[in-house]
Amino acid sequence: MSRSQLTRTGILRMALGGGGAADPLLPAEGGEGRRAPFLLRALRIAVVVCLYWFTSIAMVFLNKYLLDSPSLRLDAPIFVTFFQCALTAALCLGLSLGAACGPPCPGLPALRLDPKVSRSVLPLSAVFIGMVTSNNLCLKYVGVAFYNVGRSLTTVFNVLLSYLLLKQTTSLYALLACGVIIGGFWLGVDQEGAEGTLSWTGIFFGILASLCVSLNAIYTKKVLPVVDGSIWRLTFYNNINACVLFFPLMMLLGEFRTLYHFEKLGNPSFWGMMTLGGVFGFAIGYVTGLQIKFTSPLTHNVSGTAKACAQTVLAVIYFEETKSFLWWTSNLMVLGGSFAYTWVKGLEMRKVQEDPNVKSSERNETGV
């Protein structure tokens, strides 16, 4: 899931379904929604899915422009990520202050910086920094068309880390789906090399991004109780910590010097694009939550897979690229493997829910 697509999917699934505070910006579940006519509900779902697709795809293309545009020529990916984190923290604080000045909203807590809580969230923030930075660096060095394949190993790392850290086993069918994803990934790398567009730096950051997304979900589950289960408070502390930690990183990489010599630093259109990128980065968490709320986590994953397919096709058309049959096959393998894994997990979850005799350990294996 780009900056958060990351990532935010795993956080929001736990926040929406894990007993935390309700999200005040999402529609409440209740009788009114159930009484709504079928056509109205279908239209509402279609609008939410389209909103998710538009926000997610637009964010990827916009970040690609900011990170690797020949016309912009800004070689400061950490600064771009830092600005987006700072804007996200500011938007969270703004929403909190707006709620405080308006009608009471128990799901949107008052935000204030507590050093003790900030230190408790710090391990997650370190993983979060790795996730958003490696996502953006992967996007900088690979094309948008290959971006989905380049960071497609998240599901594989989910299975691996679940076994190594949580001692949870995975079904044979789910492992076979992971095998298809790995095969598609390696075929895609091979075809990028054959076409002369392979960037091993981009591949490295894509693998690192996949690992960090998986670790982010695990650490988020551990840290949520520290912020009373509030996804808004966690997002605020995560991005505040990230902004502080990004400063020495930017100094170490010489990005302040790069910004000093950047010819468009005073250009309003540049800051407009930077702000728009930050707003999209913040909005993806909200629209992801909307899609999960109006459909289900399973449907959200299927929608994300279809969105990735549409994003790849749009990128090939927009950048006027010509891809081989095997290159398209690698994408289909990754998308097909991801869909198959989602489908298998969905069936396992349904089986667990229908069988009251299933042990709690088995429930954890299926993600319930």
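Yeah, the Cβs are placed from backbone N, Cα and C, and that goes for glycine too.
In TrEMBL, annotation is done automatically, which means it is predicted and not curated.
According to TrEMBL, the protein carries these features:
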TRANSMEM  42-66  transmembrane segment
DOMAIN    44-341  domain 'Sugar phosphate transporter'
TRANSMEM  78-100  transmembrane segment
TRANSMEM  121-143  transmembrane segment
TRANSMEM  149-166  transmembrane segment
TRANSMEM  173-189  transmembrane segment
TRANSMEM  201-219  transmembrane segment
TRANSMEM  231-250  transmembrane segment
TRANSMEM  270-290  transmembrane segment
Give me the stretch from 78-100, 173-189, 270-290 with the greatest number of Cβ pairs under 8 Å to the transmembrane segment (42-66).
270-290
Criterion met for the transmembrane segment (78-100) and the transmembrane segment (270-290) (at least three Cβ pairs under 8 Å):
yes
Over the domain 'Sugar phosphate transporter' (44-341), what does the predicted model average in pLDDT?
89
Taking the transmembrane segment (201-219) as reference, the highest number of CB pairs under 8 angstroms among 121-143, 149-166, 173-189, 231-250 goes to 121-143
Give the nonlocal contacts of the transmembrane segment (149-166) in its own chain as ranges (CB under 8 Å, at least six residues past its ends).
135, 138, 142, 174-175, 177-178, 181-182, 184-185, 188, 202-203, 206-207, 209-211, 213-215, 217-218, 330-331, 334, 337-338, 341, 364-365
